[in-house]
Structure formats: C-alpha cells, structure tokens
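Asker: Sharing a structure here in structure tokens format.
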Amino acid sequence: MPALNGFLWLISYWLIGEVMVHFTGLPVSSGVIGMLLLTATLAVWGRVPSTIAAAAQPLIGLLAMLIMPGVVGVFFILDELAGQWLAILCALIIGTLLSVITTLWLLKRLMGKTHAR
Amino acid sequence: MPANALPDALTATPLFAVGLTFTAYLLGNLVFKKLKQPTWLPAILIAALLLAAILAIIGLPYAAYRQDASWLTVLLGPATVALGMPLYQQMPHIRALWRPLTICLPIAASLAACYALAIAWLMGSSPQILASLAAKSVTAPIAIGITEQIGGSVALLLGALLVTGVATAAFVGLAARLLKIDDDRIIGFALGLNGHAIGTVRAFEISPAAGAFASLGMSLTGIFTALILPLAWRLIGVGG
C-alpha cells in the first residue's frame, strides 16, 4: 500500500507541525509548518518518493471537495452580515483589481531588467 | 413512528453528510462541464449551491452537517502538507528567477491583503470582518489556518476566496492587455498570487508555462502570508 505509507508521512509531518506550534507558540498553522518540512525533506532527498506522490496527488486533487463543507457555511451567515455586503464586495473586487494591476506592473519591470542583463 | 425518525436514523453516522458532500461535488463538476466551464462560475460554487439547497430542503441544520463532514475536513491538514510536493517541483523556476521573485512576492502578496483591508476599513467594516478578508488571496487550506489564527470567520473567508478567485481570473487578462504584457510567466504568476487555486486553474487554460508560474505564485503567497500575517496582526493589535 504505497499510498497508505505516503499518507502516514503526511500525517506525521502535520503532527510534527502541531508539536512545534505547541512548544514555540508560533502563530502559524501546523499544516504550513508540515508543508515547509516536507519541501525541505524532498530537497534533501532530491526526488519525490513514489509513496509520497501516491498520497499527495489524490489529496491535492480533492482539495476543492475538502473545503466544500466550509464554503457552504457562507450561505448560512448571509443574514448575520446584512448591511456589510457592500463594503465586503467593494473591498474584494476593487482590492483584487488594484492588486492584479500592481503585481503585473511590478513583475514586468523586474523581469524586464533580468531579460536585459 | 414519529415523523423525524428517518432523518435521525440517517444522520446517526457521518456517512450521510460525507455521501451528500460527494454527491454535490460530483454533480457540481458535471454541471460545470455541461456549461462549458465558465470562468465566472467555478465548479465549487455550483457544488456549494447544490449542497446548501439540499440541506435547506431536507431540513438538516448546517451545524449538524458541518460536524459530521469533519470526517472529510480533517483531511485538510495532511492535504496542506501535501502541497509541499508541488512546491518542491517548482524549485527550478524559483532558482532561475529568484531575484525578481524575491522582490515582487513580499510587496505583491502584502498589497493583495492590504488593498482589500484598507477599502473594507474605510467603509467601516468590523475587526472580525477584516480578519475574515485578510487571507483572501491565499489558497484555501492555508487561508483557513491563517483565519483561525487571527480570529476571522472561516465561512466568510471561503466566500471571499471565491469572489477573489473569480475576480482575478476576469481582471488579469484585461489588465495584461492594458499594460501590454504577453509573457505567460508574468500573467501566470499574477493569476496564482492573487487568485489562488481558481486563478491557477485559469492559468493552466492559457498555457502550461502560465500554469507552472501560477502554482508557484500560489504556493509562495500562501507561505509568505501564513508566516507574516498572523504576526503582523498580533503586532498591530487589530481587533483587540
């Protein structure tokens, strides 16, 4: 069962992250610490073991489904946020437009220099 | 036999909630394909609407559903760790372009949060709403962790992620034309940095290079924001 073996790796890294958060009080989620540890481990090994790929690939493919129970929650807080929606939508839509333009412009200038050498 | 015996029997185990989630997810994907994959209506939104409608029709309270569905959502932890694998696979891109990326990422990822926070704050949003919007450009599994750390509403965050992702996919093409950018790497990076998974899906439709850079932008934004935002939130003391 290569996938089970890989899944145990993923769970172990998450648990290590949990232990580190517990002892250091870092304001970072255990998942992010586990992810960074996994990246570092793979960089040391220089390849992705087939066991980890067998567990990681399907999990990443199912991410959208894993967040669905949470997404549905937004329909049940619509009333709570009455009167706040205009501010929220303006912030999200105008904020995103501004940040998209900034990212494109900034990276164009920075990569332009790299190209010119 | 009382009228509520059947629903009670069905929801006695988490299997009903899990099955319901699978059904809505698969149906959502099917409808999405039938509609020729519209950018403005992601599959996850169709699936979530279906699921909400089913819950409302059968009268299952959201809190009860969510509790049972935790059999699925607990997998978000290992799934976040799994993102380390694509990140490792992006290493050659990071090495080739480390200089522009190191300068661009902190500025762009901070602004992605700050623009929205400034607008919401100016329009009088409460600290709890600000905390729910702050991680709006971060990929969902990481953003949920951040939002729990800084005390926002995860439900509102996930709604914000949908709006942000769809808006990014719509705006990037427009803005690129305006700024006369035709480099797929730049367009991809902007899609992933601002529009997380939804932007990355859009980037893969443009070209594999755009997709690779979108994954990179998404991962790096997630890590940067996860490391900086909770700390910044604590220092500024927003909300309390």
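Each Cβ is built from the backbone N, Cα and C atoms, and glycine gets one as well.
Whatever TrEMBL says is automated annotation, not expert-curated.
These numbers come from a predicted model, not from an experiment.
Residues annotated as transmembrane segment in TrEMBL: B:12-32, B:39-63, B:69-88, B:100-123, B:154-174, B:210-233.
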Asker: What stretch of B:39-63, B:100-123, B:154-174 shows the most Cβ pairs under 8 Å to the transmembrane segment (B:210-233)?
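Answerer: Per the Cβ count, the answer is B:100-123.
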Asker: State the non-local partners of the transmembrane segment (B:154-174) in its own chain: residues 6+ outside its ends, Cβ under 8 Å from one of its Cβ atoms.
Answerer: 39-42, 44-45, 116, 129, 132-133, 135-138, 140, 143-144, 147-148, 187, 190-191, 194-199, 202
